[in-house]
Amino acid sequence: MAILVDASSKVLIQGITGKQGTFHLKQMLPFGTDVVAGVAPGKGGGVHEGVPLYNTVYEACEHHAIDATVLFIPAAYCKDAALEAIEAGIKVIVIITEHIPVQDELIIVNRAKLKDAVIIGPNTFGMASWKCKLGILPNIAFSPGPVGVVARSGTLTYEIVGSLTNIGIGQTSVVGLGGDRVPGSTFVDMLKRFEADEATQVVVLVGEIGGNAEEEAAEYIKTMSKPVVAYLAGKSAPPGKRMGHAGAIIERGKGTYEGKVQALTAAGAQVATFPYEVVEKVQQLIRRS
Amino acid sequence: MKCFEFMGKEIFAQFGIPVPQGRMVTTAEEAEGVAAEIGKPVVIKSQVLSGKRGKAGGIKFADTPAEAKAAAADLLAMTVQGHPVQRILLEEKLKIESEIYVAITIDGAAKAPVIITSAKGGMDIEEQAEEDIVKVYLDVFLGLQPFLAKDLARRIGLTGNLAKSYADILEKMYNIMVKKDAELVEINPLVISGDQVIAADAKVTIDDSALYRQKDVPFVDEDMTEVEKMAKAAGVGSFVELGGNIAIMANGAGITMGTLDMVQLFGGQPANFMDAGGGTGVEGTAKAIQILLAQNPKVIFINIFGGITRCDDVANALAYVKKNIGIPVPVVVRMVGTNQEEGVRILREVGIEAYREMKEAAQKAVELSKAGEEV
């Protein structure tokens with residue numbers, strides 16, 4: 001039906017009373033997300049938009065069984081907040097925040113690995129499954145259906161997922177890995193989950209220049225039973241220039257568009273030149289099956 | 001943020017990595033004085049961020065203070081790969097017996113710091129044979145333990161006191177990475193001179209996201225163009241000048257890259273990458289539009305998928321700039337998402353028709369960018 005979380009998942013929000021936290025809580029609730037608690041230091045005991053507040057994650061976990069948490073926390077405090085969630089035993093941790101120092105990210109993602117927690121992000125729109133959105137993906141973009149989507153960038157995903165939804169093709173789960181250099185999860189991590197998810201028929205991979213996550217994904221795609229459609233951003237990007245995302249940079253000849261297209265094509269994935277071609281390719285694959 | 005060599009060496013000195021005796025100066029007269037202070041033959045190095053300084057003639061040698069003054073004057077009149085030389089570093093000339101390559105950086109895929117070292121320094125690591133390169137990933141919770149540093153010394157063929165000095169330098173480089181939030185600490189070459197191991201060069205890149213807690217490192221904007229500096233001053237999220245004639249704004253790094261790609265595939269030339277970010281508001285968007293105008297483009301192309309960003313904010317910003325500052329070139333807008341109808345209505349009032357599809361809008365922008373050109 002979905003990967004990582006579903007309609008039954010109990011969700012915590014860290015930084016729930018801030019501007020971003022409040023705005024997105026108000027979007028997550030009508031989406032159907034079961035937000036059972038919020039953390040806002042100093043405001044414990046209160047209620048925010050109907051959600052009970054706690055001072056710490058440990059305290060929230062004493063009162064609720066929590067499956068996932070979403071962080072709307074300023075970059076300078078994210079390491080502490082993420083480690084708190086990991087130590088409290090939460091297994092799915094979504095970090096929306098961008099501009100987290102890479103030294104902090106190293107500590108967060110390596111600690112999560114030791115504690116068997118999945119980090120989505122940082123610098124991501126989060127993820128969504130039917131009736132469980134963790135993050136900031138616009139509600140109208142998502143609809144339930146057979147396509148798994150995993151992406152590095154946000155708005156590009158809205159574009160592609162929105163177009164799928166517009167022609168009536170829904171999604172099992174949509175996951176944003178984030179645009180940073182040290183993402184908590186990789187394409188391979190999510191492709192494995194989509195491969196194992198019975199409801200997912202086709203997987204869409206939205207990548208970009210920089211790093212070698214797409215090349216690693218290509219190696220795994222060779223072993224997959226499900227078809228993969230890919231789109232990669234950054235074909236026109238000059239080397240050595242960081243295109244918005246910390247990770248989107250061609251360095252020392254590595255991470256080029258051509259290299260990634262070649263690897264994915266050789267692995268049997270269909271690579272779209274334009275975002276709108278993704279929708280056409282997915283449509284054909286679904287008709288065929 | 002890339003640091004100049006002299007800044008990197010200041011950091012090295014703070015952390016106890018041996019560097020040649022020397023100082024950064026900005027005039028030929030000062031250069032003469034520093035050369036006299038050193039009292040030995042000197043090397044004079046232009047301080048630019050370009051990697052190929054030596055080949056571009058940006059490094060000179062002098063035996064006397066008078067020669068140093070003349071060489072400094074030459075360098076200060078030079079432009080190295082587009083960058084006018086404003087600072088030079090004078091240092092004692094080292095007696096070089098051999099050169100080592102060593103760097104610590106962060107491998108995103110491995111989610112770990114990585115040490116790369118080779119007994120063959122002095123040339124780029126890319127030019128080295130695979131079998132000469134030693135690469136070791138570090139556990140972020142263990143850091144660089146002394147045993148590992150010592151073994152790396154052994155693996156590149158060092159013994160005795162040289163091995164000890166090298167291992168000590170490695171540990172200090174690791175400390176710099178952690179304490180100064182460096183993404184890259186590279187010494188090439190690390191020079192063996194008699195019984196000493198000395199950092200003859202220094203490349204340090206500070207994580208942009210950590211600059212807020214590295215306030216003692218001066219900001220370097222040499223690799224930014226004038227418009228990029230303006231964009232930074234105006235608080236525009238992310239901006240890279242690319243030199244074409246279609247000025248582009250979109251929201252989100254991925255869709256901005258996708259927009260640039262599409263424009264280029266349709267035969268157009270993007271002037272820039274501009275990720276205006278999410279939820280920038282009317283004022284911030286108006287500032288961003290003025291940065292687009294500062295590039296004197298033939299067309300402005302705005303591509304918005306409104307999530308946090310509201311279409312009416314973008315439309316109001318465009319209307320404001322059009323009325324109060326003037327937009328002398330055609331504007332192509334593609335706008336869908338949050339408050340789309342209101343945005344489209346506001347744009348219509350100022351004579352701009354918004355597109356729904358990215359493809360059609362991109363084609364129109366390219367077509368307009370070629371108007372007046374001979375076919």
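Note that Cβ sites are derived from N, Cα and C of the backbone, with glycine treated the same way.
TrEMBL annotates B:E91, B:L94, B:E99 as ATP-binding residues; of B:K45, B:K52, B:K55, the candidate listed for that same site is B:K45. Together with B:G307, B:I308, B:T309, the substrate site in TrEMBL holds one more listed residue from B:N245, B:N251, B:N272, which is B:N251. Ranking the binding-site residues B:N188, B:N251, B:T309 by how many Cβ atoms sit within 10 Å of each one's Cβ puts B:N251 at the top. Proximity to chain A (Cβ-Cβ distance under 8 Å) holds for the following binding-site residues out of B:D201, B:N251, B:G307, B:I308: B:N251, B:G307, B:I308. On the 0 to 100 pLDDT scale, the domain 'ATP-grasp' (B:9-217) averages 94 in the predicted structure. Long-range Cβ contacts of B:E99 (ATP binding site) within its own chain (separation 6+, distance under 8 Å): B:K120, B:G121, B:G122, B:N188, B:P189, B:L190, B:V191, B:I192, B:A200. Neighbours of the ATP site: apart from B:K45, B:E91, B:L94, B:E99, residues of the same chain with C-beta atoms within 8 angstroms of the site's C-beta centroid are B:P20, B:V43, B:K93, B:I96, B:P189, B:V191, B:I198, B:A200, B:D201.
Across the fold, the C-alpha of B:G307 (substrate binding site) and the C-alpha of B:D201 (Mg(2+) binding site) stand 47 Å from each other. The most densely surrounded of the binding-site residues B:E91, B:D201 is B:E91 (count of other Cβ atoms within 10 A of its Cβ).
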